[in-house]
Amino acid sequence: MSTTTQNIPWYRHLNRAQWRAFSAAWLGYLLDGFDFVLIALVLTEVQGEFGLTTVQAASLISAAFISRWFGGLMLGAMGDRYGRRLAMVTSIVLFSAGTLACGFAPGYITMFIARLVIGMGMAGEYGSSATYVIESWPKHLRNKASGFLISGFSVGAVVAAQVYSLVVPVWGWRALFFIGILPIIFALWLRKNIPEAEDWKEKHGGKAPVRTMVDILYRGEHRIANIVMTLAAATALWFCFAGNLQNAAIVAVLGLLCAAIFISFMVQSTGKRWPTGVMLMVVVLFAFLYSWPIQALLPTYLKTDLAYDPHTVANVLFFSGFGAAVGCCVGGFLGEWLGTRKAYVCSLLASQLLIIPVFAIGGANVWVLGLLLFFQQMLGQGISGILPKLIGGYFDTDQRAAGLGFTYNVGALGGALAPILGALIAQRLDLGTALGSLSFSLTFVVILLIGLDMPSRVQRWLRPEALRTHDAIDGKPFSGAVPFGSAKNDLVKTKS
């Protein structure tokens, strides 16, 4: 940018169409967050009515993560082929329909299936909305675009908590899910009133349709084998999370089978750049493992361990959700200032100072607990607002929606595992200790993976001929693309 351009406030670099695109996608994220967290708010009520164990109840949260990998792949491919806008609308319709079905669910299995539908819609919303906004904004503002957008999910969670305190005590838990159908009205408006993403239009204007991940996996020479593997992965995940398997060895074998299938899909769809894709899945997996025990089971902890009433639970969750929303926006500014990876690492390190006090303080002082949660979530959860930008930078425009959607949502299986891990550990420790210890230990893994830029580093080790040296979104160099001690100026010469 020129000096004159740099002196202009960042928000003046955006025109009305770009702000409208952002506003529409942000509202979609808000509604997504609202629908998704409803189950966490009423988990104890559902558990009591259906007579579920704590692990079974936690699996209802996990269900939405089980289907996300497939939703991310299919709806992401739709976004790559037909445009980001259509994928956004389809995603909203899916998660709204699944939420309504939860309200009518007569038992555990029906609700589990409805949560699978929600997961598919949520995955599509994540991949399509993130790529839509990132590709609509100027390159130098795309950390902000990512962070500001993801804040909508946390705001939706805050709104859901407030609605919970007003609706459930009077009309019961099912009424909360009936409200979740409202986003379909928004989807109809969205279809008519927002423009297509600029990057996508430039790439596809007047050209033949791209070959998407769906084309590669399900219309190529290995389509029969891939369909069989897809069914095998879905069946294995079902038995792992809904089949009530007691044998840990069988669960481990099924988990390894799923991992092998997902790696196979990544190798087929990304070719020589598969090490980058696999490592991105690992990054996201651990990002969910550190964050989602708290996200999923915090309402249960507040209601059971601290014995808070619904109104107090809503107040505490307001601090938590609002902190995450603020953190997403702060993360956008940090990403522009420090760079995406450095901002991520610094924010997570700061959050580690607060995670133990959050669960050590107890419930005597609600306001102190709320403030601790606000800052911990701002630093620990909010920084994930720039994760779409971080992941998207490893993919070209042609495969960005599907690549981001599939990679992120396979890794998001950590979110399926996280609440169950928390519930299992809570059988031996109290729930607060379980949540705090999981989050504290696994955050360090994410710090190392992102701080060392392991996707680029492993790519350089295994398939250096396909190494991407610069971020595909903002053009900045990847630190892991060069060995330690090499001149970073070399990256400028090898920019791809």
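Placed from the backbone N, Cα and C atoms, the Cβ positions cover glycine too.
Remember, predicted model here, so these are calculated numbers, not experimental data.
Annotated features in Swiss-Prot:
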type	residues	note
TRANSMEM	58-78	transmembrane segment
TRANSMEM	92-112	transmembrane segment
TRANSMEM	116-136	transmembrane segment
TRANSMEM	148-168	transmembrane segment
TRANSMEM	170-190	transmembrane segment
TRANSMEM	224-244	transmembrane segment
TRANSMEM	247-267	transmembrane segment
TRANSMEM	278-298	transmembrane segment
TRANSMEM	313-333	transmembrane segment
TRANSMEM	353-375	transmembrane segment
TRANSMEM	406-426	transmembrane segment
TRANSMEM	431-451	transmembrane segment
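It is 116-136 that, among the stretches 92-112, 116-136, 224-244, 247-267, 353-375, forms the most Cβ pairs under 8 Å with the transmembrane segment (406-426). Below 8 A, the CB atoms of the transmembrane segment (58-78) and the transmembrane segment (224-244) form 3+ pairs separated by six or more positions in the chain. Counting same-chain residues at least six beyond the ends of the transmembrane segment (116-136), those with a Cβ under 8 angstroms from any Cβ of the stretch are 17-18, 21-22, 25-26, 28-29, 32, 35-36, 63-72, 74-76, 78-79, 84-85, 87-88, 90-99, 101-102, 142, 145-146, 149-150, 195, 197-200, 388-389, 392, 397, 400-402, 404-406, 408-409, 412, 473.
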